[in-house]
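Colleague: According to TrEMBL, the record shows the following:
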- 28-176: domain 'DUF4131' (DOMAIN)
- 216-455: domain 'ComEC/Rec2-related protein' (DOMAIN)
- 12-40: transmembrane segment (TRANSMEM)
- 52-69: transmembrane segment (TRANSMEM)
- 231-252: transmembrane segment (TRANSMEM)
- 272-295: transmembrane segment (TRANSMEM)
- 307-340: transmembrane segment (TRANSMEM)
- 352-373: transmembrane segment (TRANSMEM)
- 380-411: transmembrane segment (TRANSMEM)
- 443-458: transmembrane segment (TRANSMEM)
Amino acid sequence: MLQWIKNFSIPLIYLSFLLLWLYYAIFSVSYFALLGFVFLLVCLFFQFPWKSASKVLVICGIFGFWFVFQNWQQSQASQNLADSVEGVRILPDTIKVNGDSLSFRGKSNGRAFQVYYKLQSEEEKEAFQALTDLHEIGLEGKLSEPEGQRNFGGFNYQAYLKTQGIYQTLNIKTIQSLQKIGSWDIGENLSSLRRKAVVWIKTHFPDPMRNYMTGLLLGHLDTDFEEMNELYSSLGIIHLFALSGMQVGFFMNGFKKLLLRLGLTQEKLKWLTYPFSLIYAGLTGFSASVIRSLLQKLLAQHGVKGLDNFALTVLVLFIVMPNFFFTAGGVLSCAYAFILTMTSKEGEGLKAVASESLVISLGILPILSFYFAEFQPWSILLTFIFSFLFDLTFLPLLSILFVLSFLYPVIQLNFIFEWLEGIIRLVSQVASRPLVFGQPNEWLLILLLISLALVYDLRKNIRLVRNLVHFIIDDGTN
């Protein structure tokens, strides 16, 4: 693989950037993205030999065909909707109970649905809260299309569900049967396993400790965490619960160390990380950021590092998760990863970490504004402080407590999380409101990103000149 990357016509990061423009041109039917793709293609033929550029053009054609095919498939799925459904297979880890409202995702005849139901009794509510195995539910209900964007800049629920492969919602009127079933589907079995872990934690640990455990270990935040969710969001640090490279690295490294102690060789271990990655991805609900992190880890163990690693990850995501770059989580995850890749070798120690936190917060600002139209200045400092707390303290601690709970649940440490929530409430009262920038259009977004790239390039050049001057002075004095 390394040899192929070295012999490739152009740097892989150029290719992934080019294909990203083509991706949005096809999926969004965006003339702006198409114009950007054509401009970059022209630049490619000017900057590289025609033979190399022609190879890239062929690859763009192959990926372009794949994008068109995927777009056509999604268009067909959105038009060929089901007329009625008599039963759905419940995906257990998507079950959410909020008061007397039940929601989950279900499958029927190869289609996925977002399902809603009003619970009729306390017994029924408790039954669904405790449900962990795969079940098929017989029902009478009404199908409808998801609600689109209500107002300018509002959340487009229909577009969101489309990225999940869901084109219809199902409102259940009456449940006629609920039958436990078996399945050979890996995704469905992992959904059941994840649900079992969530229910185990919720029944063996007190609130709020259990919410932090399910959030940091499984990427699952329940409806009873809504108040704190809003506080974390207002402070701009809700991303601490978004499973990413730190969590993936922690569990992957732990898995490797365990197997090495058991006597496995590095070569055998390398291939065992693939099934482990699949299981871990399933236990976190196939989160976009987790899949991106796992891909980067798997490529790194084959010697692919730096920008080549990031670029190859993007190319793989185009194939295995075509809707990845239409989700805010996917775009932000890749943006964070790219910024980290560009700044990871700029020093060591606490000063370097603080500088990295500042660069990440400012570098991600244009994309955050595009999706959320606001920015919390306190998030720079709070991310720097709480990321240490969450990733270096809570993650290992909660992992150990989860494993120990099968022998004896240690609930005496719940006070730590009660104190934490008290601190968060206090900070939210002291902190200023988020700055509302408004949502930039496509042209302004690209202009902001180009400006940041120029500032980064200028900073690198200034550093190069400064080091050169120091070298000349030192050489002259000697």
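Just so you know, glycine gets a Cβ as well, placed from its N, Cα and C.
TrEMBL entries are annotated by machine, without manual review.
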Colleague: Given the cut-off of 8 Å on Cβ pairs that are 6 or more apart in sequence, determine whether the transmembrane segment (12-40) and the transmembrane segment (272-295) share at least 3 such pairs.
Modeller: no
Colleague: Per the 3+ Cβ pairs under 8 Å rule, pairs at least 6 apart in sequence, do the transmembrane segment (52-69) and the transmembrane segment (307-340) touch?
Modeller: yes
Colleague: Using a Cβ cut-off under 8 Å, which residues of the same chain at least 6 positions beyond either end of the transmembrane segment (307-340) come close to it?
Modeller: 5, 11-13, 15-16, 19-20, 23-24, 27, 63, 66-67, 70, 159-160, 162-165, 239, 242, 244-245, 287-289, 291-293, 295-296, 299-300, 356, 359-360, 363-364, 367-368, 371
Colleague: When you scan the chain for residues with a C-beta under 8 Å from the transmembrane segment (272-295), skipping those not six or more beyond its ends, what do you find?
Modeller: 93, 186-187, 190-191, 193-194, 197, 218-220, 242-245, 247-249, 251-252, 255-256, 259, 264, 301, 313, 316-317, 320-321, 324, 327, 329-330, 333-334, 337
Colleague: How many helix, strand and coil residues does the domain 'DUF4131' (28-176) contain under DSSP?
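Modeller: Helix/strand/coil tally for the domain 'DUF4131' (28-176): 66 helix, 44 strand, 39 coil.
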Colleague: Can you give the mean pLDDT for the domain 'ComEC/Rec2-related protein' (216-455), rounded to a whole number?
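Modeller: Taking every residue in the domain 'ComEC/Rec2-related protein' (216-455) and averaging pLDDT yields 84.
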